[in-house]
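Remarks on the structure that follows.
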Amino acid sequence: MFVTSPFGRMVLVLGLLFSLISIQPAWAHAQLLSTTPPAGAVLADEPESLSLAFNEPVTALVMTLVAPDGTRTDLLDGTQSGETVVVALPPSSSEGTHVLSWRVVSTDGHPIGGSLVFSIGMPSGGPVASGPEGDRVVSVALWAAKAGVFIALFFGVGGAVFGAMTVLPPLARTLALALGTAGLVLAPVSLGLHGLDALALPPGDIVTPSPWSAGLATSYGMTAVALALAMLLALVAMLRPGLRLLAVPAWLGGAVALSLSGHAGAAEPQSLTRPAVALHVAGLLFWVGALPPLLLLLAQKNADADRGLARFSRVVPLAVGAILVSGVALAVIQMGPPGAHWLSPYGGILASKLLLLALLFALAIWNRWRLTGPALAGEIIARHRLRRSIRAEIVIIVLILGLVAGWRFTPPPRALAEATAAADRGVEATFVHVMDANAMVDMTVTPGRAGPVSIDLAVSDAAGAPAVPQAIMVTLSAPELGIEPLRYEAVVADGFWRVEGATIPIAGQWTISLDIRMSRFSLIRLETQLDIP
């Protein structure tokens with residue numbers, strides 16, 4: 001069967017686009033979960049590499065190693081990006097405390113940074129470097145640029161979409177053209193600002209190539225390109241009456257563009273969130289873009305005004321339904337289960353947006369069911385009230401777009417919960433220091449409770465200098481619990497010893513024995529007690 005009607009072809013194209021965007025990889029807002037070696041670790045030997053584990057794939061932007069003497073080495077070229085970022089270290093790293101200053105960008109375009117402190121041999125004094133921080137001026141400029149892009153998209157491209165249905169009043173056409181032109185400029189500007197923010201560079205560096213290449217490397221690069229193309233198509237549609245149907249691909253392109261980056265479009269499951277974002281934006285584009293033309297049409301008393309209001313009134317319930325269904329799905333995914341994270345800045349922005357949306361929907365329902373009919377019947381009072389209500393809708397929508405632009409700087413509760421869970425797992429670790437006249441061992445059991453555990457061992461001699469054993473055997477026993485000894489052989493990796501796959505089957509008091517083979521003729525045996533909850 002062939003689809004011949006314009007509406008049918010539009011639905012078919014929209015379905016195909018949603019199918020394409022729904023098969024993108026599954027990503028979320030990045031949070032650091034763990035590091036290897038752990039922060040503050042003292043290693044006997046220099047490691048070959050460092051690793052940072054995140055809850056989603058990230059792209060490394062800055063990897064700088066600060067040596068004990070203050071020397072800074074750029075390690076970005078030897079860094080492997082992904083869910084676990086692996087940073088190759090240069091050979092012959094000096095003894096003392098080192099700091100890896102890092103900055104990465106997640107697939108939703110949000111940069112995060114920090115520092116990993118570790119020591120080789122013995123810790124050394126001196127200040128600890130911090131991770132690169134973004135410039136506040138850049139953050140404010142980025143928020144303003146994104147808010148401007150959103151206003152240009154929804155009122156400019158949205159105006160072109162409404163113009164494909166009916167004749168635009170001259171002033172509405174001029175406004176949509178001006179906003180579309182502004183959006184065509186702001187889209188690339190916001191891309192450069194994204195790059196500055198990602199690299200934590202000052203505003204003046206926007207004239208250098210680095211922020212632009214970094215911006216294109218983030219997921220927002222695709223969004224900026226798609227937005228610029230949508231603005232361009234909308235401008236052509238409004239400037240060339242014979243090509244006004246180009247507003248349809250502009251509408252679809254704008255909807256898809258915002259699903260390619262951002263918190264909501266980057267959340268799992270991708271088969272739901274990306275189409276939901278596109279559907280959400282598509283509904284808003286139709287609704288928001290029609291408001292300024294309707295405001296001006298209602299001041300007229302002619303067939304064009306009545307025709308535009310009647311067509312909008314018939315279609316807008318579908319747009320509102322799409323906005324509601326997709327919005328609820330996205331809010332549930334982003335907020336996660338109820339908890340303290342709902343009180344995060346992200347949750348505050350969402351709550352503010354929902355309050356404004358409730359007021360907006362109330363106005364829309366009042367307009368649709370109480371004012372539109374009388375206005376079409378020619379009642380002057382109804383038309384005046386409808387215009388006043390539309391003005392209020394426009395103000396509310398501008399406030400909502402400003403709030404949405406602020407989401408760029410706040411991780412959703414879903415991502416915060418993942419980071420907190422990882423931190424909780426780290427806090428649950430149990431630390432034990434055991435020593436005799438010949439050696440000492442710092443032992444960490446993770447997690448510090450019954451069940452599967454890992455055991456990390458840092459071995460030093462009696463003076464506290466790092467020791468280099470040949471082998472370590474770990475024995476877990478609980479005679480009073482009727483459990484025979486469990487033996488595990490530790491393996492060395494990156495300068496420290498570790499037991500993986502051990503199990504402490506039940507809670508209670510356990511004896512941990514360490515047989516440390518220092519040489520063929522030297523064996524050190526240490527023993528300690530550990531209470532396992």
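Using the three backbone atoms N, Cα and C, a Cβ is placed for every residue, glycine included.
These features come from TrEMBL:
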type	residues	note
DOMAIN	29-120	domain 'CopC'
TRANSMEM	147-168	transmembrane segment
TRANSMEM	175-196	transmembrane segment
TRANSMEM	216-238	transmembrane segment
TRANSMEM	245-265	transmembrane segment
TRANSMEM	277-299	transmembrane segment
DOMAIN	309-407	domain 'Copper resistance protein D'
TRANSMEM	311-333	transmembrane segment
TRANSMEM	345-369	transmembrane segment
TRANSMEM	390-409	transmembrane segment
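Residues 27, 59, 105, 107-109, 149, 152-153, 156-157, 159-161, 163-164, 168, 173, 176-177, 180-181, 183-184, 187-188, 190-191, 194-195, 198, 244-247, 249-251, 253-254, 256-258, 260-262, 266 of the same chain, all 6+ positions outside the transmembrane segment (216-238), place their C-beta atoms under 8 angstroms from a C-beta of that stretch. Taking Cβ pairs closer than 8 Å, the transmembrane segment (277-299) reaches residues 14, 17-18, 21, 153-163, 166, 168-169, 171-172, 175-176, 251-252, 254-256, 258-259, 262, 264-265, 305, 308-309, 312, 315-316, 318-323, 325-327, 330, 364, 375, 383, 386-387, 390-391, 393-394, 397 in its own chain, all 6 or more past its ends.
Outside the transmembrane segment (311-333), and at least 6 residues removed from its termini, the chain residues within Cβ reach (under 8 Å) are 162, 165-166, 264, 267-268, 272-273, 276-277, 279-280, 282-284, 286-287, 290, 294, 350, 354, 357, 361, 364, 368, 372, 376, 414. Counted with DSSP, the domain 'Copper resistance protein D' (309-407) comes out as 91 helix, 0 strand, 8 coil.
Residues of the domain 'CopC' (29-120) grouped by DSSP class, helix first, strand second and coil last, total 3 helix, 58 strand, 31 coil.
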